[in-house]
Amino acid sequence: MSSTKLEDSLSRRNWSSASELNETQEPFLNPTDYDDEEFLRYLWREYLHPKEYEWVLIAGYIIVFVVALIGNVLVCVAVWKNHHMRTVTNYFIVNLSLADVLVTITCLPATLVVDITETWFFGQSLCKVIPYLQTVSVSVSVLTLSCIALDRWYAICHPLMFKSTAKRARNSIVVIWIVSCIIMIPQAIVMECSSMLPGLANKTTLFTVCDEHWGGEVYPKMYHICFFLVTYMAPLCLMILAYLQIFRKLWCRQIPGTSSVVQRKWKQQQPVSQPRGSGQQSKARISAVAAEIKQIRARRKTARMLMVVLLVFAICYLPISILNVLKRVFGMFTHTEDRETVYAWFTFSHWLVYANSAANPIIYNFLSGKFREEFKAAFSCCLGVHHRQGDRLARGRTSTESRKSLTTQISNFDNVSKLSEHVVLTSISTLPAANGAGPLQNWYLQQGVPSSLLSTWLEV
């Protein structure tokens, strides 16, 4: 809201179109020379009533509002109802959803009204509150994404340096909101209402502007440069570096601090009987292998989802960030000739900011199996489809049962008991891709493990 002010929209209009009322081609700058009612009808017809392309914008905002509100509420409900989903990362995701809900409810409707009617109808108090809440939401989103990246970086790249806990995550969330509320106070202080038509200021609120009033040229430039660096460029660069290291660790190197992938050598079959308990030890080692591979797959899926969330955030906030800097710092768009294009860019950049709030739940649905199951359960409940309690419990035990089933199948092979007691560490880089073969896969094939079972086991 604060990034695109009403004068940008007003500047796109050609006031000489008032020649319908005035036969001269001079700009219509003195509305008091005409009948007030006639002038207000003219304003409604030419400026306030939505044009054809603006109806498309309205439809886009409605879709974003519904998806963002329902999707982010479902994210919060899913984590609240399921204790197994209350992880450190999911706590931060819930905080991100809360910020999206806040900006969707408080800021999206006001932004749409201003973009269409070019008027601030909400008074002086909300002129300070709504832009302030929007900037707070942006700050919360950026800091939350930064905390997620930092948490994943420590957990995967330096697990022995820092231990993430749910309590620390909750404390971090409180700090995020406090810091965001404090650093955005200047935004609330400088926002004021003013009329673009002083002659009708006492008769109508049309073309009332909610904009920044700094009282100087240096302060807004300094503020918006700092705002761009603190809320976009610097965090984005740091998060990109963090995820690059995470990518190298998960896809190219061994994950330090985790249990290593277990590999065993064949042993010559001895005529003597095996010691008591050796079969159970073999089963335990096989279970360790399954657990390790499952952990790798889970971490890769989580990292992939978070990288997509960061990418979408960077894309959605890039246009408005650039336009803000160009307008507030370099003074562009004040006397531009192509005002329709400028207006289109600002309105589209507004829509992208809110579309980011709607995109996050969609990303969770496609890239997180747990969130997808909870979303399906919620929609099924709303549609009146009732599942047995056992079906719901089965979803919570899916990962455990699949691992047990996998261990049981492998332990049934006769050659499992011939596995050596010797355990060696192997790098995660030896793990095969889904359609490739590596040293670990070749070794299992030599032990007689069927390729069909192995492809399912080692899928990443």
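Using N, Cα and C of the backbone, Cβ positions are placed for all residues, glycine too.
The shown structure was predicted, so the numbers you read here are calculated from the model rather than taken from an experiment.
For N14 (among others), the entry in Swiss-Prot reads N-linked glycosylation site.
The N-linked glycosylation site feature in Swiss-Prot is assigned to N22 (among others).
Here the region 'Required for response to orexin-A' (33-49) returns a mean pLDDT of 71 for the predicted model. Annotated region 'Required for response to orexin-A' per Swiss-Prot: 33-49, in sequence order, evidence recorded as similarity to another entry.
A simple way to gauge crowding: the CB of W44 (site 'Important for responses to orexin') has 12 other CB atoms within 10 angstroms, across all the protein chains here. Feature annotation from Swiss-Prot assigns site 'Important for responses to orexin' to W44.
Sequence-remote contacts of a segment are chain residues at least 6 beyond its ends whose Cβ falls under 8 Å from one of its Cβ atoms, and for the transmembrane segment (55-75) they are 93-94, 97-98, 100-101, 104-105, 108-109, 112, 115-116, 347, 351, 354-355, 357-358, 360-362, 364-365, 371, 374-375, 378. The transmembrane segment annotation in Swiss-Prot covers 55-75 (among others).
Annotation comment: Swiss-Prot describes 89-110 (among others) as transmembrane segment, evidence class similarity to another entry. Taking Cβ pairs closer than 8 Å, the transmembrane segment (89-110) reaches residues 1, 61, 64-65, 68-69, 72-73, 75-76, 79-80, 122, 126, 130, 133-134, 136-138, 140-141, 144-145, 147-148, 151-152, 166, 169-170, 172-173, 176, 302, 306, 354, 356-357, 360-361, 364 in its own chain, all 6 or more past its ends.
Look at Swiss-Prot and you will find 128-150 (among others) tagged as transmembrane segment.
Per Swiss-Prot, the feature transmembrane segment maps to 171-191 (among others). Residues 2, 91-92, 95, 127-129, 131-132, 135-136, 139-140, 143-144, 147, 210-214, 220, 223, 230 of the same chain sit 6 or more residues outside the transmembrane segment (171-191) yet have a Cβ under 8 Å from a Cβ within it.
If you look up Swiss-Prot, you'll see N202 (among others) marked as N-linked glycosylation site, on the strength of sequence analysis.
Among the features that Swiss-Prot reports, transmembrane segment is placed at 223-243 (among others), with the record citing similarity to another entry.
Away from its own ends, the transmembrane segment (305-326) comes close to residues 3-4, 89, 138, 141, 145, 148-149, 152, 224-225, 227-228, 232-233, 236, 239-240, 243, 247, 332-333, 345-346, 348-350, 352-353, 355-356, 359-360, 363-364, 367-368 of its chain (Cβ-Cβ under 8 Å, at least six residues beyond either end). Among the features that Swiss-Prot reports, transmembrane segment is placed at 305-326 (among others), with the record citing similarity to another entry.
With a threshold of 8 Å between CB atoms, the same-chain residues lying at least 6 positions outside the transmembrane segment (343-366) that come near it are 3-4, 8-9, 12, 57, 60-61, 63-65, 67-68, 70-72, 74-75, 93, 96-97, 100-101, 103-104, 107-108, 111, 115, 305, 308-309, 312-313, 315-317, 319-320, 323, 372, 375. The transmembrane segment annotation in Swiss-Prot covers 343-366 (among others) and rests on similarity to another entry.
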